[in-house]
Structures are given as C-alpha cells and as structure tokens.
Amino acid sequence: MDDLNVVQAHNLLGQKSAIPQIRKDNALTKTLRSCCIIPQRYILGVMGLLGVCNAYTMRVCLNLAITQMVNHTKSGDEHFDPDACPEDEVIGNVTAAERPYATFQWDEKTQGLILSGFYYGYAATQVPGGYLAERFGGKWTLGVGLLSTALFTFLTPIVIRAGGATWLFILRVLQGMGEGPTMPALMIMLARWVPPHERSFQGALVFGGAQIGNIFGSFMSGILLADGRDWAYVFYFFGGFGIFWFTLWSLLCYSTPNTHPYISKKELNYLNKNVTTAENKTAKDPVPWKAILRSAPVWALVWAAVGHDWGYYTMVTDLPKYSHDVLKFNIATTGTLTALPYIAMWLCSFLFGFVCDLCIKKGWHTIKTGRIIHTTIAATGPAICIILASYAGCDRTAAMVYFILSMALMGGFYSGMKVNALDLAPNYAGTLTSLVNTTSTFAGIVTPYLIGLLTPDSTLVQWRTAFWVCFAVLVGTNVVYCIWADGQHSGGMT
C-alpha cells in the first residue's frame with residue numbers, strides 16, 4: 001500500500017498547481033453562456049456517452065454483418081449435429097439459400113481471427129493514447145482517434161472487395177488503433193470534470209454508451225441486413241454516424257473546465273473547489289510507474305478487467321453468431337434479440353450506479369466494499385447465466401432470457417471496477433486506465449479466435465464448452481479482485 005503514497009504526493013502537488021485561469025469574456029462567450037442552462041459536465045457526459053456509443057457501433061457492426069458475408073452452403077464441410085435447432089424457413093423475404101452478397105468462404109477459424117483483429121490495434125494504442133491525453137488533453141486525442149475509425153469503417157466494403165480477409169484483418173487492426181485512446185482519454189476528462197460523489201453515476205452514464213452502441217449497432221445492423229440487402233450499407237451508415245459525432249464533439253466539449261470558453265462561473269468555481277485533480281500542468285510530472293506496478297490493488301483491478309472483458313467480448317463478438325448459427329434466428333430477429341441484453345445492461349448500470357453512490361454517501365459501506373460488491377455481481381452473475389443459457393438447448397426463449405439476465409447483472413461493472421482507477425490515482429487515471437485496458441484487451445484478441453477453434457462446426461455442444469471456459473475466467477479473476485482490491489488511496493477521495 002505504501003507504494004501508492006508516491007502517487008498521492010504527485011496528486012497533491014498537482015492539486016496546488018491547478019490555479020483557475022482568469023479569462024476575458026467577449027460578447028459571443030457571454031451569449032453562449034446565457035444559452036447553456038445545462039451544466040457543462042453533463043453535456044460532456046452526454047457527448048461522452050455518444051462517443052462511446054459511436055465507438056462500439058463501429059466495433060461491433062462486423063459481428064452481425066459477417067454472418068451475411070460468409071456463404072456456408074458452399075463450404076462442402078457438412079457436419080451432422082444431432083442437437084441442431086430447427087431453422088427459420090425464411091430470412092425476411094429471402095430464403096436462406098438466396099443471399100447474393102454472401103460471397104466469402106471463410107471457415108470459423110478465419111472468422112475468429114478477423115473478429116479479433118480489432119483488438120490487436122486497440123491494445124497497441126492504449127498506453128500511447130493515455131500519455132497523449134494527459135500531455136495534450138483528452139478532447140483531440142479522443143476526437144481524432146474516433147474520426148480515423150469512422151473513416152476506416154466507411155471504407156470497409158471497398159477494402160474487403162479489393163483484398164479479402166487479409167486486407168479486412170489489417171483494416172480492423174487500424175480501426176482498433178483509432179479507438180485505443182477512447183477510454184484513457186475519457187477517464188482523464190472525467191477525472192478533471194466530475195466531483196468524486198458524482199463519479200459512479202457519471203461513469204454509468206458515459207461508459208453505458210457501450211451498451212447504447214451495442215443496442216443501436218445490433219438493431220440497425222439487423223434492419224440494414226434484412227431482406228438480403230448488401231452488407232456494405234452497415235459500414236456506410238456507422239462510418240457516417242462517427243463523422244457526424246466528431247463534428248459535434250469538436251464544437252461542444254473541452255479537455256478541462258478552465259479551458260472551456262463558456263462554462264458558467266458558478267459551475268467553474270464549484271468544479272475547482274470539488275474536483276481534486278490536476279490540470280495539464282501536472283502532465284510534466286513523471287508518472288510513478290514503479291509505485292503503480294508494485295501496487296496490489298492495481299493488479300487486482302487488472303485481473304478483474306481481464307475477467308470482465310473475457311465475458312463481455314464473448315457476448316459482444318459471438319452472441320450474434322450463436323443466435324444465428326446455433327439458435328437459428330433469422331438475421332432481422334438476430335439483430336433485435338442481440339440488442340436486448342445490452343438494453344438490460346445499460347438500464348441496470350444506472351440502477352447499480354445510483355445504489356452504489358447512495359450507499360457510499362450514506363456511509364452504509366465504504367468505497368472499497370462498494371467496488372467489490374458490484375464487481376462481484378458483474379462477474380459471477382453473468383458466469384452462471386451463460387452456462388444456464390447453454391443448457392437451455394433449443395429453448396430459444398429461455399436461452400435469450402438467460403443472456404439478457406447475464407448482461408443486466410454485468411451492469412454492476414461500471415460502478416464497480418470501471419471507476420476504480422479514479423479512486424486509486426485520479427491524477428493518473430488515464431495512465432492507469434490505459435494499463436488496465438491494454439492488459440484486458442488481450443481477452444478481446446484471444447476469445448474470438450479461441451471460440452473459433454472450439455466451435456469449428458458451430459454446434460450447441462461445442463459452444464457449451466466455450467461458455468464453461470468463460471465461466472472459469474469470470475469467477476477466477478473475481479476472486480483475485482475481492483482479495484486485493486482497494487477503493488480509496490491517493491488523490492483526495494472523501
């Protein structure tokens with residue numbers, strides 16, 4: 001524990017250097033300030049939510065589109081599955097054999113490798129992204145990164161048709177590199193904009209954008225792919241959405257309260273008084289890597305993140321394939337049903353966030369206890385539910401209910417370990433988040449490829465094995481977190 005006292009010293013020094021700037025107002029800033037009745041930290045929260053939503057739609061749109069890109073009927077590797085579920089006779093107005101745009105003959109292993117490509121790039125830019133955001137501010141680090149991903153998404157159909165699986169894999173790596181700085185940059189901006197007693201709710205708001213992205217991405221992909229339409233429309237739509245978000249982000253959001261040109265003086269004074277974190281000047285202080293890497297709570301946080309991401313990426317990346325290939329839903333229904341678990345997770349994240357903040361504020365439990373409780377709910381609950389879903393067999397209603405319940409319980413993640421980096425080292429939240437995300441993102445690299453290896457014929461029994469592996473990882477990593485987690489160390493949390 002003593003190692004992170006170094007971090008505390010850095011934070012306190014940074015806090016002293018965070019002197020509000022004296023700004024001169026002009027007529028435009030006065031007008032804008034008078035028009036903005038909503039506090040700017042909530043505008044940042046909403047735009048952050050939309051940014052994460054935008055990031056996840058571009059991340060997951062391939063997961064559903066790939067089911068309509070691959071021609072299973074031409075593979076020649078027919079495998080008899082005695083547990084196979086009955087197939088929908090019609091896909092929209094098009095029979096299963098009449099998919100003119102399903103022209104690629106990629107096996108499950110190749111599909112798993114393609115789906116994992118994003119996470120290679122995503123892991124590579126986490127730490128550089130955190131450094132850039134701390135050095136130059138989160139606004140442009142986040143904005144430019146997501147803009148590049150939007151442009152790559154828009155170009156995806158052209159790249160696939162020109163270079164096939166190889167070029168698509170490379171493009172997905174580049175898309176991941178663009179999204180890598182997203183979470184570290186947002187964590188830095190939240191550390192500088194959000195008071196400690198609002199962090200669970202604001203964290204649920206902003207990072208709940210992941211579920212909005214999964215909901216919106218899955219639902220709209222199902223609509224765009226229905227009736228045998230060209231899968232290219234999915235990438236054009238979400239790439240355009242990303243470019244539109246970047247325009248709004250550039251105009252409305254700023255890295256810190258003291259650099260915001262039209263924040264109200266009342267809110268600015270409130271944030272300077274209550275947010276105990278440094279401004280950009282502290283970026284000159286060296287990051288206390290030795291203290292961070294020797295901290296048991298940090299490594300507990302890393303393990304919890306690995307477990308969560310293993311379960312989460314299993315659901316995000318492979319639930320569409322399970323619904324379509326095993327449960328035999330048609331593509332329009334697959335898009336809708338795949339969205340339902342994320343609706344449940346998003347709504348429950350606010351409930352868990354509200355409850356956690358209330359209990360901490362009332363003194364019913366400590367920050368540490370709150371983080372452990374909600375992280376445990378978000379790990380063991382989903383682990384049990386996905387096993388129950390696999391043993392529901394071809395009872396499609398029961399299976400989807402279990403998947404929905406598993407993601408609803410995973411909503412506790414945002415008020416648990418997701419905001420724990422703010423507790424441990426708010427001045428270095430970006431660096432710590434980048435370390436955690438870089439490590440946990442390897443789950444995103446491993447899980448799609450491993451599931452491709454475990455499910456070569458995409459049968460129910462093969463998928464059950466994959467879900468048992470997920471159960472073991474979720475439960476095992478949560479035990480580590482419960483033993484060594486902490487909830488309040490450096491940075492002035494009260």
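Even glycines carry a Cβ here, placed using N, Cα and C.
Taken from TrEMBL, the feature domain 'Major facilitator superfamily (MFS) profile' covers 43-489.
Marked as transmembrane segment by TrEMBL: 140-160 (among others).
Feature annotation from TrEMBL assigns transmembrane segment to 166-191 (among others).
Within its own chain, the transmembrane segment (203-225) is flanked in space by residues 45-46, 48-57, 59-61, 64-65, 68, 186, 190, 231, 233-234, 237-238, 316, 320, 331-336, 338-339, 342-343, 345-346, 349-350, 352-353, 407, 411, 414-415, 418-419, 422, which lie at least six positions past its ends and keep a Cβ under 8 Å from the stretch. Taken from TrEMBL, the feature transmembrane segment applies to 203-225 (among others).
The transmembrane segment annotation in TrEMBL covers 231-254 (among others).
Sequence annotations record features per position, and here TrEMBL assigns transmembrane segment to 339-360 (among others). Listed by sequence, the residues of this chain that lie at least six past the ends of the transmembrane segment (339-360) yet keep a Cβ under 8 A from its Cβ atoms are 197-201, 203-205, 207-208, 211-212, 214-216, 218-219, 222, 315, 319, 366-367, 370, 373-374, 377, 400, 403-416.
Residues 83, 85, 304, 307-308, 311, 314-315, 352, 356, 365, 399-400, 402-403, 405-407, 409-413, 415-417, 460, 463-464, 467-468, 470-471, 474-475, 477-478, 481-482, 485, 487 of the same chain, all 6+ positions outside the transmembrane segment (372-393), place their C-beta atoms under 8 angstroms from a C-beta of that stretch. Summarising the annotation, TrEMBL assigns transmembrane segment to 372-393 (among others).
Marked as transmembrane segment by TrEMBL: 399-416 (among others).
Among the features that TrEMBL reports, transmembrane segment is placed at 428-451 (among others).
Summarising the annotation, TrEMBL assigns transmembrane segment to 463-484 (among others).
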Integer mean pLDDT for the domain 'Major facilitator superfamily (MFS) profile' (43-489)
82
In the same chain, who gets a Cβ under 8 Å from the transmembrane segment (463-484) while lying at least 6 residues past its ends?
296-297, 299-301, 303-304, 306-308, 310-311, 314, 318, 322, 326, 372, 375-376, 379-380, 382-384, 386-387, 389-391, 417, 443, 447, 450-451, 454-455
Ranked first among 166-191, 231-254, 428-451 for CB pairs under 8 angstroms with the transmembrane segment (140-160)
231-254
